[in-house]
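Q: Dumping the structure here so I can ask a few things about it.
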């Protein structure tokens, strides 16, 4: 099927399935987080605990023998022996990295180099290392060393007094990219061709020559790939065994080469690490055996002993070069998943996903069993990973979202510069592990699926079907209805995020003076005629006809502001700071002022003349004579007597969908294009022109009826910030809408039993009812 090649025989697959029968009604796709333990693996471990007396190894030599047996098993698993490597047990790979950071001897002028696409724990090493310079390397800068012949650089393999440490992951836990391990020897022999970007340089002088040591974070790699330490010999290897076996947790290891052991200088000592230590003087003597010097206190001996069942389980379920076969299996699944995802498209041809990887999925030596991606809408907008996590949870699919404790890979693949990172973490307040998934439409993380030896092809197919059913086959409001109806089934961390998934009211604008600039507001009260103060005033000419941008484009440069109880009008065209004000309240004086009549869309309207001061100001700014400002004085009803209107053309509210605006593809900033359509309400459904199918919708607590599409004229060709015309706006809409000049929808408010004065506010959720 596709490019999937089965690795296991039918009998082997049946045995594996029987061990993981508990997965019958769920799909587990987070093996990069941890793989799963087999049924008999934990049963055998429990039987051993019930059968044997396993006590503190400082008390019982039998326990010490068990622990040593596990050490030999670990060395055998990585194709090495005790003559080449020491095994130091730690709590996990992070603790192993810390051990190196704490004790590595940089000399007086050594450097610390780390790869950008690394686990957070590697970044944490920066706080402990005693190096005078700390550098960040990109993946490509590390790869530069792979083409360097031995002895080609200035740092070639003669001994130096200073020592530099280079840390990188054998496999990126974000993307699954595998670093070519041949680079290890090149760096050890020749140093680095490029030092990277200096992140913290206490000394500005030339770093000079140095011996180079490599610390390999193998936590992700070793879980599903064979690591041959006879072929590739890093100085330090960091491991977490739960990622390989699923059980037990709380035990990892630092493998230290004989070369690397010389550079780890122990300072602190705990129980079991010394031959003696005097309380009355500073004198002490560390144990001569390397691992005994570094394993402070009592080991987690029960967990260590239970690793034996892990090794046995792998050999029993995946016999014959277990890790080689697991590597082929997970890579085949990942390649199949990637190819199927790439084939998924919306009816308009837009891809469903954006994938994140460096080398594609053709070569197993470069790519592991991880697929990272983000889902996109038909308009190309990103779907937040929090939504994907919610949909997956309701389909009983366990996957991972976010940055996966690899913010450097996140930064690289999301193309986030320093300012964007500050906006996400400092200004917006995101923290690692939350569901803050989009910032101004850009993803702050991704969706990750990863595979283990017990993952089946149908598990991948279930993920793919979920994406088809939830994104290619239904509209967004149907999907969100599905989530909201089942929100209590979600984990608590996702329940709040799920309630925020609905599209929100993004922008709220009123146009106090008809055909003048918008006044954008965070919230607005609603009246019987629409938004408060929306189109209550209009400018008329000598003949009493309403002045619009069709006749005078400079109207868009008159910027209204509401300050206290005044409506201020500012002119943005000449850089002046002068303005004119009219009162917001209808005082007796205003009520007794001259009444005038005009027309809006062939309907007569009555208004109060706002006086000579504002009239003279308008004439001066617009360069026209005889202008007057009128304020609507009487109720006006739409045709059919259904709704009260202000001085709007046709309905109480005009709604525009940013997804539809985005589909026009104009080169100007999107916000400028949105402003051309002079809407009251801006939303973003992610699907262009979907709003034309709405019947009723709720915004916050307010119910609206759709009156129909807005038929456009050439006024939308005017840039509302400059007053310049660009006729391609109208022709583009006509082309996309098959000759129809429709863009945006008119809506009117339906009666509401709530007697409180309703209002709309940015952030209100949007619910499509029919």
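Here the Cβ of each residue, glycine as well, is placed from N, Cα and C on the backbone.
Feature annotation from Swiss-Prot assigns N6-(pyridoxal phosphate)lysine to 243; the stated evidence is sequence analysis. Residues or ranges marked as active site in Swiss-Prot (evidence: sequence analysis): 405. Positions annotated as domain 'MOSC' by Swiss-Prot: 611-769. Sequence annotations record features per position, and here Swiss-Prot assigns phosphoserine to 726.
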Q: In angstrom units, rounded to an integer, how far apart are the Cα atoms of residue 243 (N6-(pyridoxal phosphate)lysine) and residue 405 (active site)?
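A: Distance (Cα to Cα, whole Å): 15 Å.
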Q: Please state whether DSSP places residue 243 (N6-(pyridoxal phosphate)lysine) in a helix, a strand or coil.
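A: In three-state terms, residue 243 (N6-(pyridoxal phosphate)lysine) counts as helix.
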Q: As a test of the contact definition, list every same-chain residue at least 6 positions from the residue listed as 'active site' whose Cβ is closer than 8 Å to its Cβ.
A: 119, 120, 121, 173, 432
Q: Take the domain 'MOSC' (611-769) and average the pLDDT across it for me.
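A: A mean pLDDT of 83 is what the predicted model shows over the domain 'MOSC' (611-769).
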Q: With every protein chain in view, what's the tally of Cβ atoms within 10 Å of the Cβ of the residue listed as 'N6-(pyridoxal phosphate)lysine', excluding that atom itself?
A: 25
Q: I'd like the Cβ neighbour count for residue 726 (phosphoserine), meaning other Cβ atoms within 10 Å of its Cβ, all protein chains included.
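A: So the Cβ neighbour count for residue 726 (phosphoserine) comes to 15.
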